[in-house]
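If you check Swiss-Prot, you get these features:
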type: BINDING; residues: GLY248, LEU249, PRO250, TYR251, ILE252, GLY253, LYS254, THR255; note: GTP binding site
type: DOMAIN; residues: 384-588; note: domain 'RdRp catalytic'
type: REGION; residues: 820-844; note: region 'Disordered'
type: COMPBIAS; residues: 833-844; note: compositional bias 'Basic residues'
Amino acid sequence: MSDIFNSPQNKASILNALMKSTQGDVEDVLIPKRFRPAKDPLDSPQAAAAFLKEHKYRILRPRAIPTMVEIETDAALPRLAAMVDDGKLKEMVNVPEGTTAFYPKYYPFHRPDHDDVGTFGAPDITLLKQLTFFLLENDFPTGPETLRQVREAIATLQYGSGSYSGQLNRLLAMKGVATGRNPNKTPLAVGYTNEQMARLMEQTLPINPPKNEDPDLRWAPSWLIQYTGDASTDKSYLPHVTAKSSAGLPYIGKTKGDTTAEALVLADSFIRDLGKAATSADPGAAAKKVLSDFWYLSCGLLFPKGERYTQKDWDLKTRNIWSAPYPTHLLLSMVSSPVMDESKLNITNTQTPSLYGFSPFHGGINRIMTIIREHLDQEQDLVMIYADNIYILQDNTWYSIDLEKGEANCTPQHMQAMMYYRLTREWTNEDGSPRYNPTWATFAMYVGPSMVVDSTCLLMNLQLKTTGQGSGNAFTFLNNHLMSTIVVAEWHKAGRPNPMSKEFMDLEAKTGINFKIERELKDLRSIIMEAVDTAPLDGYLADGSDLPPRVPGKAVELDLLGWSAVYSRQLEMFVPVLENERLIASVAYPKGLENKSLARKPGAEIAYQIVRYEAIRLIGGWNNPLIETAAKHMSLDKRKRLEVKGIDVTGFLDDWNTMSEFGGDLEGISLTAPLTNQTLLDINTPETEFDVKDRPPTPRSPGKTLAEVTAAITSGTYKDPKSAVWRLLDQRTKLRVSTLRDHAHALKPAASTSDFWGDATEELAEQQQLLMKANNLLKSSLTEAREALETVQSDKIISGKTSPEKNPGTAANPVVAYGEFSEKIPLTPTQKKNAKRREKQRRN
C-alpha cells in the first residue's frame, strides 16, 4: 500500500489532507512514531515515599495482615455445606487467621513501559491506512478532516495504564481539590441535615423499593444464597459482581471469581462481629475493635485505570481506581443494588432531573431533545444530573458542567446522608416499618462511610491516606450524584445565576465542591434548527440505503454522557452519535482484548476486531462516511478470515457481544451481524410513545419540583407528606447502636390523629431531644471509625521488615509479592470466636 500512497497524485492528496509536507516516503508523515514513555522516576517505594513526603502527603504506618490459614469451607459456611458436597464451592478456603502476619504489597502493571513498549495499547495503524486508501478512492467532503483528526489522535494520545508518577500525582491533585481553594464541607456545614438531603434526593434520584422477594437487610451475606440442589428452585440474592475483577485485600493477585467463598466467610464474620458489638457493654469501643481487626477491609488497591491518556501528561495524570476488598464491595452492594436495580427512573420517563438508567437508544436521545425544545419554547431553565455531571439549559445556552475530580469532594458525611436516604426511603415498608435491623443500620450509617471515604489505599508497599471517596466503590455514583444535587440546590437558592457568572462560581466556596464548565453551546435553538434543516437526504436513516451519508449530519454536541444528537429524516427524530472527540479516539486506539478466558479461544483476536469495528459503526461511525467505509471493509474482511478458519461466525460471536468497550451503552444490542440501515432502525425506533407532559411525578413528594423543595427547605415550610411515623423512622437511622438500645422507646409511633411532625404531641418533642442527642453521638462516631481504620503518619519508609523491592519490569510476577512475615501476633477475639464456632460445627 506504500507504493500506492507514494504515487505523485496520491502523495499530494494525502499531504494536502494532513496539511503536511515531505520529500520522502509519505508514510513517514502519515504514521506517527510509536509512543515510548520516559523512564518513570517514581517506580520504587523509596522514590515514591520521598516524593509523597516532599509534597506533605500522608503515609501511614504499615499494618500487617494475619497469614492465611486453610480451613474447611463447610465449617466456615455451614449453611452452604451442600454446595461444597455438590462441587459448587471449593472444599477449603484460605482466611487471614494465622499467628504470624505479612505486610501486603501491590505492584500494578503499567503499560506501555519505557523498557518494553510491546503491542499493548498499539494504535490501529491498519485502520489508519484503510482510511487513507478510501480517502483516495472517494471524494467525501469531510474525508481530509477525518483523516487528519485520526492521525492527530494517534500522535497525541496513548491507550494504556499510565505510570506510578501519574498515579502519585493524581493522589496529590485529589488532595489539592479536597483541601485547597475550596476545602470540603459536609452537607450539614452547607446547611442540610440528612433528612433535608433525603428530600432533595427524592427529586434528583427517585427510587423504588426493592422487590418484595428480596431479603431484608437483616442477614449475613451467605444467607442470601438459597441452595437446595434443584436448579429450578435454587436462588441467590447476592449482588452481581464481575468475576474477573480484582478481589482486593487480603487476596492480592486473585479475582472475585477465585475468592467468592473467602469473601462470604470474611463478610459474614465482619457483620456478625459488628452485630455483637451492639449488645456489648461499650458498643462504641467494641465496634472500634472490630474495625481494627478487619482494617484491611478499608484499604483499597490503587489500580491504574486503562484509558486513552494524553502523551504529554503520561507521568502527570493516571486515573486511580480504588479496588475495594471483595467483602467490602459485597456488603455495600447489598445496601444499594436491590434498590437501584428497580429504580431506572430518569428525566425521559419521570419528572426528575436524574439521568440514571438513561440510554440514548430506542428514542432516548430524542426524548431529551424534545424536553430541551419544550423548555426553549417556554423560555424555562432546565437542569439534568448524572453522578458528577450537571447539565443546565438557560437563556438559549447549553452548559455541560463536571465536578472537578468529583470523588475528591466527598466526605464521610456525604455518604452517610446517602445511606440515610437509602434506609429511610428504600429499605422501609409502606407502613413505616424498617426492612433492616440495628446491625445493618450501624454498618450503613456508622461503618460503611468510614471504610471507603477518607480511608486508605495500597500501592507498592506503601499504605497511603486517600482523600475523598475511593473511585470505583459501590457508592461512587451515588455519592457523586448527591454532591451534584447539593450544587444544583444551592444554584436554585442563589436565584439560578448564569453558569458563566461569578455568582455561579461562588457556589464552589459555598458548597465546598469544585466544578468546571466543560462546554457552552450558545444559541442552542439555532443549532437544533440547523441540524434538522441540513440533515442528510441520502444514506443511513435518510433514504433507507445501506450506505453512509455523503456529508455527515450536523450534530447537536450536548456532551450528554458522551453523546451528541443528529437528525434522521427517515425516523423524523434525533438519534445518538458518540461525541466526535471520543469517536476519533476510539478509532485511533483499540483497548484490546482483556478477557483472558476468551483470549485463549482460536480466532479470539479476529473476533474482537469484528466486534470493535461493528461497535465503531454503530455508535456513530455510520454518520461519518470515511470512518464507516473503512470500518465496514475491515469488519467484512475479518469475517471472511473466520470463515476460512472454519468457524461459524454468528454463533462464535455471541460470546463477544459485551467485549466492546461500549458494552454498557449497547446493552441488549447485537454486534454479531454487519450493520445495516435496518440495524439502526431497530436500535433507534422508540419502544413507546412519548409526551413530555405525560411523565409521572416522582414516587415520593409528587407534584413537587426540585426548586420548590429547595425553597421549602430554605424557608422551613416543607411538610413531609408522610406521617409522624415516617419522621421517627427517619430519625431512627441516625442512632448509634448504643442509643438504639438505650432509647428504643423514642421510636414508638405518634398518635394516630397526628399526620405531621409539627402537629405531634409533647411526647414527640421529648423524643426528638433524645434523637438529637443521638445524632451528635453519631457525628463523633464517624471520626472514631476513621481513627480505627488508620494509624498515624510514619516518618520513615518501611525498612527491615520486608525484602528488597523487586523491579516490576523484571520480576517474574510483578503484580503481587508478600513481604517477610512479621513477629508472632496474638489471635484476635474474632479469630478465637471463629475457631470455637467452627470446632462446635465439626462436633455436630
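Every residue gets a Cβ built from N, Cα and C, even glycine.
What Swiss-Prot annotates, mapped onto the structure for a quick look.
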{"residue": "GLY248", "record": "GTP binding site", "CB count, 10 Å": "27"}
{"residue": "LEU249", "record": "GTP binding site", "CB count, 10 Å": "26"}
{"residue": "PRO250", "record": "GTP binding site", "CB count, 10 Å": "25"}
{"residue": "TYR251", "record": "GTP binding site", "CB count, 10 Å": "23"}
{"residue": "ILE252", "record": "GTP binding site", "CB count, 10 Å": "20"}
{"residue": "GLY253", "record": "GTP binding site", "CB count, 10 Å": "15"}
{"residue": "LYS254", "record": "GTP binding site", "CB count, 10 Å": "16"}
{"residue": "THR255", "record": "GTP binding site", "CB count, 10 Å": "17"}
**Complete:** Mapped onto three states, the DSSP assignment of THR255 (GTP binding site) reads strand
